[in-house]
Amino acid sequence: MQYLEIKGGKKLSGSVTISGAKNAALPVIAATILSDKDVTLTNLPNVVDIRTLLKLLTMLGGVVEHEGTVAKINNGSITSTKAVYEIVSQMRASILVLGPLLTRFGECEVSLPGGCAIGQRPIDLHLKALEAMGAKITIESGYVHAVAPNGLHGAKIIFDKITVGGTENIIMAAALAKGTTIIINAAKEPEIVQLCEMIADAGVKIEGIGTNELTIEGTDGIPLAFKTVEIIPDRIEAGTYLCAGAITKSEITLNKVNAEHIRASIDKLESMGFTFDIAKDSITIHPTDIINPVNLITIEYPGFPTDMQAQFMAVAAMADGESLIEERLFENRFMHVSELNRLGADIWLKGSVAAVKGVKELHGADVMATDLRASSALVLAGLVAEGTTNVRRIYHLDRGYDNLEGKLAALGADIVRKEEEK
C-alpha cells in the first residue's frame with residue numbers, strides 16, 4: 001500500500017499546469033457509445049477513473065487506443081451491453097453508460113455503482129427519467145436491467161432535485177431518442193456544457209446549453225459522428241492548487257485554467273484576503289499575511305462546489321478567527337474533520353455545519369484519506385504542518401488527481417510517494 005510523506009513548512013513558488021477535468025472526461029467517454037465511428041479525445045487526465053471507464057468500453061467490445069492524454073475510441077464493435085460489477089463497483093461514474101447503451105442498443109444491464117463513500121447518492125432520478133422515455137427497468141441481484149424494445153422516445157423530464165449524473169445520462173439518452181426531450185431543473189456545470197457541445201457538434205439540436213432547461217431533438221436511433229473533443233481544464237484541481245498557494249501563503253501561477261469555472265472559489269479566497277492576477281488561461285494567487293475566516297455553503301454550480309469544501313476547511317484551519325462551513329449537498333462529507341483534528345485543527349461538527357476555529361500551527365501526524373477530496377485536504381494541511389505528515393489510503397487521490405505529489409514537488413513542496421513496509 002502506498003502513502004504520501006510530507007514534510008511541512010516549505011514555501012511554494014512557480015507554476016503548475018492544470019490537467020483535463022476528470023468529471024468532464026467521464027461523461028464524454030460514455031458519450032462515445034452514441035457513435036459507431038472513430039472518436040478522438042484529447043487532454044485526458046492521467047487518473048485511475050479514466051482508465052477504469054476506458055477498460056469498461058473494451059469489456060463491452062469497443063476498441064480503445066490510449067496513450068498519454070489522448071484516446072482514440074471506436075464503439076462500432078460493441079458486442080455486450082452488460083457493465084459488470086467488477087468495474088462499476090470501482091467507480092460510481094460507470095452508471096453513465098446506462099443512458100447511451102440503452103438508447104443505442106435498446107437494452108442494457110449495469111451494476112449498481114460504487115465510488116467514494118460520501119453519503120447516499122441514489123440513481124432513482126436517472127431511472128425514473130428513463131422510464132418516462134419508455135424504458136422498462138427492473139433491479140435484480142445488484143444490477144439495473146433496462147429494456148426499450150421500441151427505442152426511447154422524447155419526454156418532459158422534471159428532476160425533483162438537481163442531479164449532475166442524472167442530467168448527463170438523460171442528455172445522452174435523448175440524443176438518439178425519437179422526438180424531443182425537455183429536461184427541467186437540469187444541472188449546468190461546465191462539464192455538462194462540454195457534453196452538450198460535443199453532442200450538438202455532432203448534429204443534435206440542443207437548446208438551452210448552460211441553463212437549467214434543456215431541449216434536445218433526438219436522431220431516432222441514428223448513431224452520431226463526433227469531432228475531436230478536447231477535455232476542459234479541471235476546475236477542482238485548479239481550486240485545490242489555489243488552496244495550496246493560500247494555505248502556504250505562497251505566490252503560484254496556474255496555467256491552462258478557466259477562471260470563470262472557479263469563480264466561486266476565487267471569490268471566497270478573495271474574502272479571506274488573497275489577491276489574484278487573472279489572464280485568459282492563467283491565474284496567479286498572491287499571499288496574505290493574515291488569513292481571514294470564511295463562511296461558505298456548498299450548493300450546485302455556479303455556487304460554491306461541494307468538491308472544494310474539504311480543501312477550504314484546511315485553509316480555514318489556519319485562519320485568524322472562526323469559519324462556518326455548511327454542507328448542503330451530501331450528508332456524509334465531513335469524514336476529513338477527525339483527520340484534520342489529528343493534525344491539530346480545531347473543528348467542531350453540528351449536523352451539516354462545521355465550525356472551524358483557526359489555529360496558529362498544525363503538527364504532522366499519520367492520517368487516513370476517506371474519499372477523493374478529503375484526501376487532498378489532508379495533503380494541503382500537511383504542507384504547513386510542523387514535522388512529517390503521512391497520508392495513507394491515497395488510492396482515493398489517484399482516482400481524481402493527475403500526479404498531485406509530482407506537481408506539488410515541482411512547486412517546492414517536500415512530498416514523496418512511498419511504499420508501506422511489509
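Yeah, the Cβs are placed from backbone N, Cα and C, and that goes for glycine too.
Features as listed in Swiss-Prot:
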- Lys22, Asn23: phosphoenolpyruvate binding site (BINDING)
- Arg92, Arg121, Pro122, Ile123, Asp124, Leu125, Asp307, Leu329: UDP-N-acetyl-alpha-D-glucosamine binding site (BINDING)
- Cys116: 2-(S-cysteinyl)pyruvic acid O-phosphothioketal (MOD_RES)
- Cys116: active site, proton donor (ACT_SITE)
Nearest of the binding-site residues (Arg92, Pro122, Ile123, Asp124, Leu125) to Asn23 (phosphoenolpyruvate binding site) - Cα to Cα: Arg92
Cβ neighbour count within 10 Å of Lys22 (phosphoenolpyruvate binding site): 25
Least buried by Cβ count (within 10 Å) of the binding-site residues Asp124, Asp307: Asp124
Packing count at Arg92 (UDP-N-acetyl-alpha-D-glucosamine binding site) (other Cβ atoms within 10 Å of its Cβ): 20
Cα separation, Lys22 (phosphoenolpyruvate binding site) to Leu329 (UDP-N-acetyl-alpha-D-glucosamine binding site) (Å, whole number): 20
Neighbour count (Cβ, 10 Å) for Pro122 (UDP-N-acetyl-alpha-D-glucosamine binding site): 11
Nearest-integer angstrom distance between the alpha carbons (Cα) of Leu125 (UDP-N-acetyl-alpha-D-glucosamine binding site) and Lys22 (phosphoenolpyruvate binding site): 23
Rounded distance in angstrom between the Cα atoms of Pro122 (UDP-N-acetyl-alpha-D-glucosamine binding site) and Lys22 (phosphoenolpyruvate binding site): 21
DSSP three-state assignment (helix, strand or coil) for Asp307 (UDP-N-acetyl-alpha-D-glucosamine binding site): helix
